[in-house]
Amino acid sequence: MLCGLLGALLPCTALAAPPPILETEESNTAVMPKPNPHWLYVGTRAGGVTIIDGDTAKIVGTINAAPAAGFALAPQGKEYYVSETIWTRMNRGTRQDLLSVYDGHTLNLIKDIELPGRLIASGRTPYFSTSADGLRGYVYNMQPASSIITIDLAKRNVLGITEIPACGLIYPHGKTGVATLCADGALADVAIDASGHGRITDRIPFFDAQQDPVFEESPVDRAGGQALFITFNGMVHPVHLGAPSTLEKAWSLQQAAGLSPATTSPEQTTWRPGGRRPFAFHPGSKRLYALMHEGAPWEQKRSGTELWVLDTATHQLVNRFTLPTSGYAVGVSEDNAPLLFVLSEDGWLWVMDPETGKILRSLRDVGRTTLLATDRS
Amino acid sequence: MLCGLLGALLPCTALAAPPPILETEESNTAVMPKPNPHWLYVGTRAGGVTIIDGDTAKIVGTINAAPAAGFALAPQGKEYYVSETIWTRMNRGTRQDLLSVYDGHTLNLIKDIELPGRLIASGRTPYFSTSADGLRGYVYNMQPASSIITIDLAKRNVLGITEIPACGLIYPHGKTGVATLCADGALADVAIDASGHGRITDRIPFFDAQQDPVFEESPVDRAGGQALFITFNGMVHPVHLGAPSTLEKAWSLQQAAGLSPATTSPEQTTWRPGGRRPFAFHPGSKRLYALMHEGAPWEQKRSGTELWVLDTATHQLVNRFTLPTSGYAVGVSEDNAPLLFVLSEDGWLWVMDPETGKILRSLRDVGRTTLLATDRS
Amino acid sequence: MFDGRLFEGWSEKLTRRLASGTSRRGVLSRVGLALAAAPVFPLLPVDRSRAHAATTPRLTEFQKNAQVTDDTRCNYWRYCAIDGSLCSCCGGGVHSCPPGTQPSLTSWVGTCYNPADKRSYLIAYRDCCGTSSCRQCHCDNTDGALPTYRPQANNEIIWCFGTSSMAYHCSTAALVGVAE
Amino acid sequence: MFDGRLFEGWSEKLTRRLASGTSRRGVLSRVGLALAAAPVFPLLPVDRSRAHAATTPRLTEFQKNAQVTDDTRCNYWRYCAIDGSLCSCCGGGVHSCPPGTQPSLTSWVGTCYNPADKRSYLIAYRDCCGTSSCRQCHCDNTDGALPTYRPQANNEIIWCFGTSSMAYHCSTAALVGVAE
């Protein structure tokens, strides 16, 4: 360096070319990158749906949502849908039940579709969902009679209301199929016509709703119509959803691991499923992922200390992963090179390799999760 | 006991009278107890004003408030006032600036007074306050011109708007007096007539607003008109608010403790005031309580590790209390047997004896504090 | 351990309400789930299956740890199926809403075991609604808590039906009868 | 270390805006605080007092710990007076709002020292507004931050003026000029 050669004659800083001055910047707004199947959608208690890219564990964007909202996606992430209830004066004024439609590229609000009602409860997948092709939206309502509000998502209007007495929750399948669960422990098929009106056509009793109910967040592959209704004790009831739906042979998560099946006996401490959203299903590999803890009955919301990997074809446990912090919700991407997602009660997202359980990436401060969604597009 | 005397003939439980069956209950709603000067009012980031009885460290009630609200009390807690902004559709729709009036006995909403605007910012005392007699409310507005909106609290309507160019914040005193602080480092007296209109009448320059500004949450005794404007460096400027206001001799918090006065030099590490609401003043004893930390300039929001007790008559440090967790906001009840309140960043309320610094009681999970108020009634 | 008098007092209200008019009956027949919207007490099926004989209780984890003295802690016996902030920590009480809030007219219900008298009681969990969330003493107990297809035992629904505002503040646990 | 070209580029916008009509001047004269509501860049006084000579900087605590490589951390040099969530953590960038949000048309301003070139720059902190709060990477830096009576240096105001919604999402830090 010249200044070095000149030694003490000139200080080095005086001769070195000064670094260029940084250029000024304009403010702008980003748009969404092309969606990929490794995106995870996380709804939180405080409101908002955070979109996280599992390949980087970074936030891509946030969709506005009121607390206790529902959330659904159009195929290929072209649009996002939020079902929510807002009062004109926050906690007072006029109640407004809305299905808010957001553009997938800009995340700008396209339209608020006014709804005739909706159940206000801590967000769960079967409170608001769409048909597999994304053309119909279904909002669960209970005020206090139980009903399904069907929305034409292309025309952006409410088609009609179908009452489902003594049943609740919505599990759509295929283009127009809808199943629901009933207070007496049956699955009911609901036929809803093009006008949004319909009725229950079939009822298949298969569980004890009082002693060993099935989890609301039981996983369903809407496209294939394959559902796995899983009870608090860990009995897996495979159902092929259709008209009518057909029940397959039940099996036990504990037996898949070589243990005795769990019972409702308070004395029996064993591995049990639990959490906010304890299950995820990967249709391609037919693998089920379950958050498991050791405990007694009636701890169905307790977070999982382990994640179990189960083969739903052979009913065998494939792997058990110990989690860094207890898992509250689990998801798996639906592509052929899937990522596993675990949200913890203390606000961590763990992105894991579903084959090895290795923690690939993580993100903290995600907030208390209610909803969790992935999309195969 | 009879069963004991009879020995093994009859088991004791079979003879003992069975305990009476518990009676059924009706649901009802509590009303507020009579206010006392040891009540503390805490506004939090998430919204809501929590009322805590310092004698028990228990919550007495919660007043509804939107995030970024302002809060004020009528004398004797007869009414509570919340200045807030609510949109008809949460984050969209029509903006509504409101002064919401709550009944002190039931905490029910009495009226929403519509305001012509208000500054939306993390709540601070001089954004919304009342005259000492509680008959007038003053809301600070900046959109972007600076103004004071005067409200007749008895008639529940807006009187008028007074522009205060190049000034901001509201420090009411007496029945109709208002002072404000200005961008050039002056205190300005504002005269507002019965119609709510007015103007700046006097300006007293006394601080360097760029290098060593005074804290917004400088303590003011509205009834007595005594203000202590305290700079980031810890210079206390006593001002007797009036028409016109009069400035008294400034003194240094550090000098009161036998240290050199703090300067703006980045090299000087010394004890400095800081936090969300670093000061509280007890008019009866003329004592000032200040949250202090050791650090450099421009850390004015840093929480205090110590609470200093200062005699404002003699300009002497009386006591130094080490806090269990760093203090973010401090308050003192205004009665003759005062309690000291410290809110910490991690959500603790510490109720302390102002003479000894002893922790008398505590409450956790209070939330991130923005506003803090006490009332002498 | 069924106490006819007290329980009848409670079911009497129920019967009175059932008889109070055709229009309400019309609603009830549609509901099907024994869930009513407006009256002071919710319409509930008696939970027979989870009742315990006093002499040989088989206790759940919650019941084993339950206490009867401090209603500001999550393990107070009545809170066996509560999800939310305890109104006892918020200026209310175990069956009182804090000032400025209203009790919901409907509720979810749990069957909780009282270790002091070894009886099980029906507990109506009514939300208190109308003002900013209390956020103190959050509990999430799930003894006998059921999914939304059994709404009367569901603690995730915002049970503010029938109040003038559905803003959730806290939850109470009123004793409404003895479980059979 | 004042770079005339770049700074004039910035102040030129300012001048153009000042000359853009009587009505705006009318507003500005009332504002008095050199704060404007609508234009792309806020109207600001140049902060002369806090600029540092490149050769003999006296660094604040923030400046001593500042780094120039990671704009998702609170000690990134430009964030010397930011209060809020970093948009860089929320799907935006250091001067880009995340999808679905709008940059505020006004801003608060800091003077931050860049340890890489030892210059001080004017940074406009624009809030991004319109959607649920991001809540990631919360920072509260206060170098030169001033109370509300100097609003152009105040980081507690929700600076969503001029956007269609004032719902706060996150904050950006755009470089708008060299400090004298």
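Even glycines carry a Cβ here, placed using N, Cα and C.
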Going by the disulfide annotation in TrEMBL, which one of C:Cys90, C:Cys97, C:Cys112, C:Cys160 is bonded to C:Cys134?
C:Cys90
Look at the disulfide annotations in TrEMBL and name the partner of C:Cys170 from this list: C:Cys87, C:Cys89, C:Cys97.
C:Cys87
Bonded to C:Cys112 via a disulfide in TrEMBL, from among C:Cys74, C:Cys80, C:Cys160, is C:Cys80
For the substrate site, TrEMBL lists C:Asn155, C:Glu156, C:Ile157; sort out which one of C:Asp71, C:Asp83, C:Asp117 goes with them.
C:Asp83
Between C:Cys97, C:Cys139, C:Cys160, work out which one TrEMBL annotates as bonded to C:Cys128 by a disulfide.
C:Cys97
Can you tell me how far the Cα of C:Cys129 (disulfide bond) sits from the Cα of C:Cys97 (disulfide bond), in Å?
8
Quick one, of the disulfide-bonded residues C:Cys89, C:Cys97, which Cβ has the fewest other Cβ within 10 Å?
C:Cys89
Near chain B at Cβ under 8 Å, of the listed recorded positions C:Cys89, C:Cys97, C:Asp127, C:Cys134, we get C:Cys89, C:Cys97, C:Cys134
Looking only at the domain 'Methylamine/Aralkylamine dehydrogenase light chain C-terminal' (C:68-177), mean pLDDT returns 96
Which whole number of Å gives the largest C-alpha distance between any two of C:Asp83, C:Asn155, C:Glu156, C:Ile157, the residues noted as binding substrate?
10
If you run the three-state DSSP split on C:Glu156 (substrate binding site), which class comes out?
coil
Taking Cα atoms as reference points, which of the recorded positions C:Cys80, C:Asp127, C:Cys134, C:Cys137 is nearest to C:Glu156 (substrate binding site)?
C:Asp127
Suppose we call a site close when its Cβ is under 8 Å from a Cβ of chain A; which of the recorded positions C:Cys89, C:Cys112, C:Asn155, C:Glu156, C:Ile157 are close?
C:Glu156, C:Ile157
C:Cys80 (disulfide bond) has its Cβ surrounded, within 10 angstroms, by a count of other Cβ atoms equal to 27
So if I draw a 10 Å sphere around the Cβ of C:Cys112 (disulfide bond), how many other Cβ atoms end up inside it?
27
Where C:Cys89 (disulfide bond) sits in the secondary structure, as DSSP reduces it to three classes
helix
